[in-house]
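Data first, discussion second: the structure below is written as structure tokens.
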Amino acid sequence: MKSAVILFPGSNREGDAIRALKPHGPAEIVWHGEADLPRGTDLVVLPGGFSYGDYLRCGAIAAHSPIMAAVRAHAERGGLVLGICNGFQILVEFGLLPGVLMRNAGLHFICRMQHLRVERTDAAFASAYEKGQIIRIAIAHGEGNYAADSQTIARLEGEGRVAFRYCDAAGEVTSAANPNGSINAIAGIYSERFNVLGMMPHPENLIDPLVGGTDGRGLFTSIAGSFTVAV
Amino acid sequence: MPRQDPPVTPELVASHGLKPDEYQRILDLIGRVPSFTELGIFSAMWNEHCSYKSSRLHLRALPTKAPWVIQGPGENAGVIDIGDGEACVFKMESHNHPSYIEPFQGAATGVGGILRDVFTMGARPVACLNLLRFGAPEHPKTRHLVSGVVAGIGSYGNSFGVPTVGGATAFHTGYDGNILVNAMAVGIARADEIFYAKATGIGNPIVYLGSKTGRDGIHGATMASASFEEDAEAKRPTVQVGDPFTEKLLLEACLELMRTGAVIAIQDMGAAGLTSSAVEMGAKGDLGIELDLDAVPCRETGMSAYEMLLSESQERMLMVLDPQKEIEAKAVFVKWGLDFAVIGKTTDTLRFVIKHEGEVKADLPIKQLGDAAPLYDRPHVASPALEKVEAAAIEPPLSNAEALKLLLATPDLCSKRWIYEQYDHLILGNSVETPGGDAAVIRLGDGPKGLALTTDVTPRYCEADPVAGGRQAVAEAWRNLTAVGALPRAVTDNLNFGNPEKPEIMGQFVGCLTGIGQACRALDFPIVSGNVSLYNESSGKGIPPTPSIGGVGVIADVSLAAKLAFRRAGDAILLIGDTEGWLGQSLYLRDVCGREAGAPPPVDLAAEKRNGDFVRELILAGLVSAVHDISDGGLAVALAEMAMAGGVGASVEAPANVPAHGFWFGEDQSRYIVATSPEHALGVLAAAQRAGVPCRRIGETGGAALTLKGEAAILVGDLSARFEGWLPDYIAAAL
Amino acid sequence: MKARVFVTLRSGILDPQGKAIEGALKSLQIDGVKSVRQGKLFDVEIETLDPAAAKALLQQACQKLLANQVVEDFEVEIS
């Protein structure tokens with residue numbers, strides 16, 4: 001699997017993403033000003049951070065970067081795109097995913113370990129997990145409150161496009177376990193064709209038993225696995 | 001129309017914070033009346049913040065050397081060798097006054113400034129910490145200040161992309177009108193690729209980098225050295241605004257530029273901005289500096305030379321570049337979208353020459369701007385010694401179980417989760433030990449080596465006995481690092497005190513430094529960087545003396561790092577170190593009995609070292625399942641913290657020869673709790689005896705409750721609810 | 001010429017910041033405030049002197065960047 005991690009001015013988890021991707025194949029940083037993705041890119045990652053300082057709206061300015069046209073073309077070809085945290089914010093601003101990420105309901109930035117429920121495992125991003133599995137992943141954001149109009153939500157739910165939901169350790173989706181006020185405790189969503197995933201939590205920070213645990217690894221092994229099968 | 005500078009009058013001199021004798025010194029030095037611009041330069045260079053005129057004499061006595069010290073105090077940050085060709089670069093600095101006036105921006109720019117100090121030396125920042133002191137919780141401004149400072153620190157560090165891994169927050173009415181915001185940053189560089197401020201070569205270009213210059217913070221450095229009066233809030237316009245986004249770009253651009261080999265010298269523009277950075281580069285390199293201010297990128301129109309020289313706009317750097325590589329260097333900054341302007345050159349004249357709009361605005365001897373700054377041996381009186389308070393003489397107002405429950409829900413001992421969850425403490429994926437432990441532990445690169453980091457000080461001890469308090473602050477930082485298994489290596493200090501012109505305050509300063517020096521020497525823990533913040537007072541009353549200590553230790557393999565959580569039931573609990581039940585200046589005495597009294601607990605530095613070295617060996621040998629040092633609140637609080645962190649209870653018993661409340665809540669120093677499996681316990685006890693380390697078995701882990709023998713059992717869940725509840729409840733309470 | 005662009009949250013979208021400000025006003029005893037919604041204001045200088053062209057330009061700017069029409073409305077005011 002060959003990965004391209006897009007570097008926007010103000011991105012800051014690009015190194016974390018590279019570290020999580022490296023065991024599965026080459027992963028390189030691509031400057032936002034480029035017009036093309038490296039030849040043979042399988043996966044595009046929009047990493048976490050504060051692109052353009054989160055000025056105007058999170059992800060809004062980065063969504064207008066030159067490289068984004070190539071990202072759209074890659075997605076339209078069915079290529080995989082993963083947006084984490086600020087990357088998710090960029091994807092919704094760019095229109096590859098619906099909805100918007102608003103200020104956390106508690107109005108504070110929040111960094112903590114958070115339980116998530118894996119909602120489906122037939123997508124390329126989550127095949128290494130069990131359906132309904134409860135995983136523990138870091139969150140670190142100030143604007144992760146997912147919102148969309150009721151039709152969009154109904155459609156996302158109807159098409160099974162919610163990838164992960166915030167929950168408690170027992171897997172219950174409760175308002176106490178929802179860190180940011182997201183509608184239906186949505187932590188991540190897929191595109192219509194399930195080849196674009198945007199999520200607020202940081203699986204790239206959960207790949208090492210010494211540093212919080214390994215519950216994030218499944219996401220990367222899933223993606224890598226989808227290419228092994230295809231070949 | 002040519003700009004009209006105001007005439008230099010005695011009033012103008014006084015408004016620049018210069019005393020008549022200091023002004024006379026200027027007249028003697030340059031042999032004429034200074035221009036308005038020159039007066040501004042002198043006031044910036046000779047104020048307390050830049051010149052350390054009250055503290056220099058005493059700072060010289062501190063130990064700053066060790067074989068592993070690469071750079072001690074005097075540069076942007078201290079540097080130590082951590083092996084494998086790597087160096088750790090770190091410093092702590094205060095932003096107290098700006099944070100009181102505008103807590104969000106004050107704290108944010110404090111973080112920005114200290115990060116810049118670290119990456120200016122060629123290091124990539126890997127961690128931030130802080131030490132905060134607020135006024136009494138019931139003071140009307142405190143809630144607003146806590147919220148603003150925490151949000152400001154988070155906003156800057158989170159966006160910049162460095163984990164904020166540790167800190168210390170406490171409250172006391174002594175900080176009601178003058179809070180403390182001390183920020184520490186830690187970076188990693190190649191040991192042979194450290195960059196310094198010293199300029200070399202004649203005729204080399206001086207380059208301005210980063211954000212544009214505005215009128216922000218003009219005379220911020222002067223403000224930072226003036227006592228707080230009630231009208232402090234009227235000074236709001238001088239507060240700078242932080243831009244972490246630009247700082248992140250500046251970091252990447254600087255490190256990229258350094259790799260090209262173009263950088264001869266580099267200095268960030270911090271307090272007193274362009275003036276102090278340019279003077280320092282020249283003075284350190286025995287060179288003159290000539291600046292043409294017409295080339296300075298400005299954000300506002302019509303800025304005068306005076307304003308440009310004293311502006312404290314953030315996210316700016318000054319460099320001396322290799323002229324051969326100027327074009328290459330410029331390309332890097334253009335790529336990152338940052339301003340890059342050649343604004344002057346180095347000269348062989350040893351003069352600091354400022355040109356603006358075709359006029360020479362200043363022409364001063366560069367070495368003397370720093371070296372000839374006043375140096376004061378201010379009168380100082382030692383604090384009167386306080387009587388020891390005997391535990392037996394104190395009637396416990398509550399049962400010990402009730403006292404423990406009360407203490408865990410006090411402002412100083414409660415969980416600071418509400419604070420640290422607003423800081424991204426996980427970015428970079430190396431946070432092995434996250435906030436809430438004795439010290440933060442971060443892995444370096446892919447490991448196995450790591451750093452342990454802490455900030456600490458106990459101001460009530462320092463106030464009661466400055467020498468003992470100074471010693472204790474260093475010993476506790478050393479103990480925090482030891483308790484995770486690290487070898488403590490070096491210190492950065494941030495000395496926050498009141499008005500040094502008052503002999504009793506100067507006495508606190510001198511006393512604390514004496515104690516700090518003793519402890520640093522005894523523990524092989526040199527001071528490599530630091531900052532002095534004086535005049536911390538409001539309405540004429542000084543803050544409690546607060547010499548913050550930032551400690552850095554090295555651990556060869558982070559997988560061995562100890563944690564404080566009880567891991568399982570059935571482990572033996574051992575208490576290491578002597579306990580006589582010292583309640584003087586304890587939190588029990590203050591928060592349970594309502595008395596701030598007595599001499600603080602003494603630190604026996606030889607015992608400190610012996611006990612700590614023993615605990616570190618146990619950790620590295622893998623013989624213990626949990627370790628915690630004992631500090632504020634004493635043994636019972638430490639046990640509760642271990643139980644809550646692991647969700648595992650414990651049963652423990654006090655010996656007969658110490659009053660029980662003294663045993664559970666005394667703050668005797670140099671102590672640790674370790675948990676170990678029953679099969680290792682006897683061996684550990686025997687090893688302690690051989691090493692001459694006091695060690696006794698006080699109980700075992702297990703169950704859902706913490707039971708102090710003879711007292712009602714307390715469910716760990718109840719303890720946690722109290723521990724976690726206080727701060728969020730306080731913040732949420734109506735104004 | 002100068003112009004102002006107001007970007008506001010669409011009605012019906014929850015505005016936690018506005019709610020917090022509302023609460024703070026109450027606690028400061030500034031009574032009689034029924035509700036607060038927070039928005040953004042942009043002061044813009046534009047080259048053209050033709051108000052219609054300016055308006056069209058800024059509408060385009062709003063649609064492309066200044067506002068996120070999933071949750072925000074905008075209004076352009078030419079002075």
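Each residue's number is its place along the chain shown, starting with 1.
Every residue gets a Cβ built from N, Cα and C, even glycine.
These features come from TrEMBL:
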type	residues	note
DOMAIN	B:16-53	domain 'Phosphoribosylformylglycinamidine synthase linker'
ACT_SITE	B:His49	active site
BINDING	B:Tyr52, B:Lys91, B:Asp493, B:Gly530	ATP binding site
DOMAIN	B:74-189	domain 'PurM-like N-terminal'
BINDING	B:Glu93, B:Asn531	Mg(2+) 1 binding site
ACT_SITE	B:His95	active site, proton acceptor
BINDING	B:Asp117, B:Asp268	Mg(2+) 2 binding site
DOMAIN	B:202-354	domain 'PurM-like C-terminal'
DOMAIN	B:436-555	domain 'PurM-like N-terminal'
DOMAIN	B:568-703	domain 'PurM-like C-terminal'
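Projection of TrEMBL feature records onto the structure.
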residue  : record                : DSSP (3 states)
B:His49  : active site           : helix
B:Lys91  : ATP binding site      : strand
B:Asp117 : Mg(2+) 2 binding site : helix
B:Asp268 : Mg(2+) 2 binding site : strand
B:Asp493 : ATP binding site      : strand
B:Gly530 : ATP binding site      : strand
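The Cα of B:His95 (active site, proton acceptor) lies closest to that of B:Gly530, out of the binding-site residues B:Tyr52, B:Asp268, B:Gly530.
Rounded to a whole value, the Cα-Cα separation of B:Lys91 (ATP binding site) and B:Asp117 (Mg(2+) 2 binding site) is 8 Å. Counting only same-chain residues at least 6 apart in sequence, those with a Cβ under 8 Å from the Cβ of B:Asp117 (Mg(2+) 2 binding site) are B:Asn76, B:Ala77, B:Lys91, B:Glu93, B:Ala185, B:Asp268, B:Gly270. Figure note: comparing Cβ neighbours within 10 Å for the binding-site residues B:Glu93, B:Asp268, B:Asp493, the maximum is reached by B:Asp493. Annotation: stretch B:74-189 has the most Cβ pairs under 8 Å to the domain 'PurM-like N-terminal' (B:436-555), among B:16-53, B:74-189, B:202-354. Geometry remark: B:Asn531 (Mg(2+) 1 binding site) versus B:Asp493 (ATP binding site), CA distance 6 Å.
The domain 'PurM-like N-terminal' (B:74-189): residue composition by secondary structure is 45 helix, 45 strand, 26 coil, according to DSSP. Across the domain 'PurM-like C-terminal' (B:568-703), the DSSP tally of helix, strand and coil residues reads 55 helix, 24 strand, 57 coil. Apart from B:Tyr52, B:Lys91, B:Asp493, B:Gly530, the residues listed for ATP, the same chain places the Cβ atoms of B:Leu59, B:Pro73, B:Met92, B:Glu93, B:Thr492, B:Asn494, B:Leu495, B:Ile527, B:Ser529, B:Asn531, B:Val532 within 8 Å of the centroid of those Cβ atoms. Within the model, the domain 'PurM-like N-terminal' (B:74-189) carries an average pLDDT of 96. Across the annotated binding residues for ATP (B:Tyr52, B:Lys91, B:Asp493, B:Gly530), the two most widely spaced Cα atoms sit 17 Å apart.
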